[in-house]
Amino acid sequence: MIALSVNLNKIALIRNSRDTTNPSVPEHAQMCIDAGADGITVHPRPDQRHIRAQDCFDLAAMLEVEFNIEGNPFTAARKSERPGVSDYPGFMELVREIRPAQVTLVPDGDGQLTSDHGFDLKKDGDRVAPLVAELQSLGIRTSLFMDPDEEQIRLAAQTGTQRIELYTESYAHAVKTGEQVEETLARFVRAGEVAAEEGLGLNAGHDLDLHNLPRFAAEVPALLEVSIGHALTVDAIRMGLATTVAAYQRALGK
Ligand SMILES: CC(=O)[C@@H](O)[C@H](O)COP(=O)(O)O
Ligand SMILES: NCC(=O)COP(=O)(O)O
């Protein structure tokens, strides 16, 4: 069974447009869980544009399902520019303290609108591997955000990570435009095969939605988990959160 981890970034984004706690991130986490979500994902960024460090602590205090924190391990502490919002402590400092069930390392640049590439481990493998080892020594499962690239996935295995998360934007884009759908999906199927050959658990995410998810879930081998936020939040505006979570579980074949 493929686990559905709901990403709450966009709930925090709406909350941050006022100096209130409405909508509440923990309350939305609980609503997702009550509706059948298997886990909760957040992706704090140094500018705390949506998920703030405090959200991570608040979620850690209440979650009984898998908590997955994603982010760039090389981001340093940053002062908050917003009164009443605590500073961003740096990604590794944050996850060392919280010790979530899973940490997904993502090679984000600071100015990026959203995540837009996986790791280049020819360049970064030597500095990623010690972080993987440290996180695992703290009892945290590790995952690395990766493009569906055979050589890079084999390098991911050499870092010692237990899982990878395939960056699915190219697949989502192919389905949306109707261009090169078969070739693109075939790359992800091959990526799943390579991950299995290397003994890596397989997660996936980015721009997955109710339309593109069923084929991906049915055809990519040994998929363990998807994390979905943007499209799921937009669907929830139309259909309600509980109905939407149930619809995504159905799209995963459950
Ligand atoms: C790693 C990944 O694909 C997601 O975490 C995605 O980056 C969501 O982040 P934003 O909500 O900031 O776009
Ligand atoms: N890891 C991907 C994720 O958490 C959510 O990505 P998106 O659905 O918001 O694009």
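Residue numbering: from 1, along the chain as shown.
Cβ from N, Cα, C; glycine included.
Take the 1-deoxy-D-xylulose 5-phosphate site that TrEMBL assigns to Arg45, His50: the candidate from Thr20, Thr104, Thr114 listed for it is Thr114.
According to DSSP, Glu70 (active site, proton acceptor) is assigned to a strand segment.
Only Glu70, Thr114 of the recorded positions listed as Glu70, Thr114, Glu165 bring a Cβ under 6 Å of any atom of ligand 1; the order follows the sequence.
In this structure the residues listed as binding 1-deoxy-D-xylulose 5-phosphate are Arg45, His50, Thr114; their two most distant Cα atoms lie 12 Å apart.
Annotated pair His206 (active site, proton donor) and His230 (3-amino-2-oxopropyl phosphate binding site), C-alpha to C-alpha distance, rounded: 8 Å. Of all the recorded positions given, namely Arg18, His43, Arg45, His50, His206, the one with the smallest number of surrounding CB atoms inside 10 A is Arg18. When the binding-site residues Asn7, Arg18, His50, Thr114, Gly229 are checked against ligand 2, Asn7, Gly229 have a Cβ within less than 6 Å of one of its atoms.
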